[in-house]
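Taken verbatim from TrEMBL:
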{"type": "COILED", "residues": "4-34", "note": "coiled coil"}
{"type": "TRANSMEM", "residues": "70-96", "note": "transmembrane segment"}
{"type": "TRANSMEM", "residues": "102-122", "note": "transmembrane segment"}
{"type": "TRANSMEM", "residues": "142-162", "note": "transmembrane segment"}
{"type": "TRANSMEM", "residues": "182-206", "note": "transmembrane segment"}
Amino acid sequence: MDTNKDMKTREKELLAKEAELNRREKEIKRREDAAARAGIVLEEKNWPPFFPIIHNDIGNEIPVHLQRTLYVAFASLLGLVLCLFWNIICITAAWAKGSGPKIWFLAIIYFILGCPGAYYLWYRPLYRAMRNESALKFGWFFLFYLIHIAFCAYAAVSPSILFVGKSLTGILPAISLIGDSVIVGIFYFIGFALFCLEALLSVWVIQRVYLYFRGSGKEAEMRREAARGAARAAF
């Protein structure tokens, strides 16, 4: 008798769990349908495949004629990650040769802030602009991508103006360090080359995006949207 009661109890528990799962599935489906009707795209994290941290599905979500440009823009995002990671390696080597810990901590800060900042401030706005044909998101991209290009150009030279000179692998620190340590100097020259390549690649991207932006009429659309926003704010 006790065995039968236990089996019935477990069966009831399983049925209750199944009913709860079905209810949740229906609720999720209802929300997805409502979001689709409202034009909202649910962005599931899918990249990198082995440890998804961002949403990136260019082949399925971006129009074919824009995919090449966005692929190169994504390459420039990865290029920045590479530049800042190599920057940490170089600064670590310089620290080992007696340059002090301050520049190492600055290199870590550049990496921690620069990588997610690039994704959220200019890559994701460009991705959404190309997916949804949003003129205002193009404007957001242009603003922060120009800052990105300026940073890469500055890092390639790395004068001691805004940042501590040897905390970025520019040509000036490379020349300064090559006399003290050939290996560290070579590391810095490689970093200089990476920042130069990143800047050139980024210039190509912004030119392609701007040509599309002008040719598709998005510039005029952005001005109209901005004017409507200003009018609504005024009233």
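Every residue gets a Cβ built from N, Cα and C, even glycine.
Heads up, TrEMBL stuff is auto-annotated, nobody curated it.
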*Against which stretches of its own chain does the transmembrane segment (102-122) lie, if we need a Cβ under 8 Å and a gap of at least six residues from its ends?*
54, 77, 80-81, 84-85, 87-88, 90-92, 94-95, 140-141, 144-145, 148, 163-164, 166-168
_For the transmembrane segment (70-96), give me same-chain residues lying six or more residues beyond its boundaries with a C-beta closer than 8 angstroms to one of its C-beta atoms, as numbers and ranges._
56, 58, 62, 103-104, 106-108, 110-111, 114-115, 118-119, 123, 126-127, 130, 148, 152, 155, 166-169, 177, 181, 183-184, 187-188, 190-191, 194-195, 197-198, 201-202, 204-205, 208-209
*Find the average pLDDT over the coiled coil (4-34) in the predicted model and report it.*
73
